[in-house]
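Asks: Got a structure here, written out as structure tokens. Questions coming.
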Amino acid sequence: MHDIRQIRDNPEAFDAALARRGHEPVAAEILALDEQCRAVTTKMQEAQSRRNEASKAIGQAMGQGNTEKAEALKAEVADLKQTLPRLEDEDRELKMRLENALAVIPNLPLDDVPDGADESDNIEVGTWGTKREFSFEPREHADIGPALGMDFETGARLSGARFTFLRGGMARLHRALGQFMLDRQVSEYGYAECAPPVLVRDEAMYGTDKLPKFAEDSFQTTDGRWLIPTAEVSLTASVMDQILDDAALPMRLTALTPCFRSEAGAAGKDTRGFIRQHQFEKCELVSIVRPENSAAEHERMTEAAESVLQALDLPYRKMLLCTGDMGFGARKTYDLEVWLPGQGAYREISSCSNTGDFQARRMNARYRPEGEKKTAFVHTLNGSGLAVGRTLVAVIENYQEEDGSVAVPEVLAPYMGGAMKLEPTP
């Protein structure tokens with residue numbers, strides 16, 4: 001959500017920032033609605049004030065024996081009581097229209113975000129690791145996986161397209177990866193482990209900018225709750241409508257949860273394999289910080305996500321997203337893309353975003369700076385540390401052997417009960 005004062009103070013700069021994201025100008029429309037809203041609010045407040053004054057004056061007139069004046073004041077109060085409900089309704093409606101108009105405007109990019117139209121304009125800002133040289137032609141995970149317990153047929157039979165049933169060693173490796181990620185973020189980077197609900201109300205989805213813009217990308221239950229598309233929703237919204245102590249910041253939260261996405265906009269993409277699923281697990285990172293610390297926290301969070309890939313010895317590149325490829329609520333985003341030798345391509349495995357106070361305004365999350373009476377909005381950040389399913393894919397493709405087996409990364413040995421290889425079944 002945007003600060004209306006920012007638009008009032010410099011509408012041209014606001015529209016110019018939106019134009020960098022390929023968005024049409026909206027300042028004039030927003031300010032016209034804002035002017036209507038303020039005019040009606042003023043009118044309503046004046047009517048309320050006059051009603052109170054006139055009501056008080058009735059008693060004074062009666063005490064002075066001025067019946068005629070008292071009757072006139074009573075008539076005025078009666079008129080105001082009829083007028084006020086209409087003004088109050090109009091005030092509520094205009095405020096709702098203004099909020100709805102602001103709610104669908106994306107966040108403004110920071111100055112150091114490159115301009116661009118789509119992912120082809122993203123900038124590579126770093127790489128890590130050495131791509132393995134194979135003595136055989138590496139295969140894709142969708143070809144290797146079935147013999148190792150990645151059962152696409154049963155998943156589809158049970159639930160339809162984009163669902164997978166993991167068995168045996170494959171299921172254990174998937175679990176090991178998630179536990180390793182969670183343990184690392186807690187022990188190495190000081191994130192507090194959480195186990196949040198995966199069903200949330202509208203308010204949590206709205207506060208984390210998933211509604212109303214992306215309703216079709218999420219699953220809703222019959223009672224109106226939403227299955228979380230990411231634990232970002234539950235973790236970030238945990239401070240909704242709160243005023244935090246300055247000493248409580250930074251607040252770093254992590255959770256390993258199932259996530260659910262309808263993938264409405266992904267028709268025809270990654271229809272094969274385990275890359276794009278309706279249900280998947282992810283180790284989510286959320287930071288809630290003072291405004292002056294959000295830029296440094298963004299770098300720290302991205303480093304935390306990178307550390308998992310480095311520990312697993314998975315080659316990757318770090319991309320700074322351009323204005324045209326950033327998510328709706330982000331003002332700056334880094335994507336980590338892991339190398340998949342079977343596909344011969346880098347694929348996104350983590351996205352770390354700084355949203356500034358964009359989400360905090362939507363969910364009214366504030367803190368009280370030490371020694372000050374006034375509160376201020378916090379800044380929120382979120383990132384994947386990492387997507388478990390895609391990491392499983394990366395391990396399969398990077399650690400595959402010619403016989404169809406897959407070696408287990410050394411750091412996962414404590415989680416695998418000593419099993420250091422997945423062997424194909426005949």
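Every residue gets a Cβ built from N, Cα and C, even glycine.
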Asks: Given Swiss-Prot annotates Thr230, Ala231, Glu232, Ser384 as L-serine-binding, which of Glu281, Glu284, Glu292, Glu337 belongs to that site as well?
Replies: Glu284
Asks: In Å, rounded, how far does the Cα of Glu263 (ATP binding site) sit from the Cα of Thr230 (L-serine binding site)?
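Replies: Spelling it out, the Cα of Glu263 (ATP binding site) and the Cα of Thr230 (L-serine binding site) are 13 Å apart.
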Asks: By CA distance, which of the binding-site residues (Thr230, Ala231, Glu232, Glu284, Ser384) lies nearest to Ser262 (ATP binding site)?
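Replies: Ranked by Cα distance from Ser262 (ATP binding site), first place goes to Thr230.
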Asks: Just jot down the residues in the same chain as Ser350 (ATP binding site), at least 6 apart in sequence, with C-beta under 8 A of its C-beta; none if empty.
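Replies: Correct list: Ala305, Leu309, Asp335, Leu336, Gly383, Ser384, Gly385, Leu386, Ala387.
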Asks: For the ATP site as recorded (Arg261, Ser262, Glu263, Glu348, Ile349, Ser350, Ser351), determine the largest distance between any two Cα atoms, in Å, rounded to the nearest integer.
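Replies: Between the outermost Cα atoms of Arg261, Ser262, Glu263, Glu348, Ile349, Ser350, Ser351, the distance is 19 Å.
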Asks: What is the one among the binding-site residues Thr230, Ser384 whose Cβ has the most other Cβ atoms less than or equal to 10 Å away?
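Replies: Comparing the binding-site residues Thr230, Ser384, the most crowded Cβ belongs to Ser384.
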Asks: Give me the largest Cα to Cα distance among Thr230, Ala231, Glu232, Glu284, Ser384, the residues the record lists as binding L-serine, in Å as a whole number.
Replies: 9
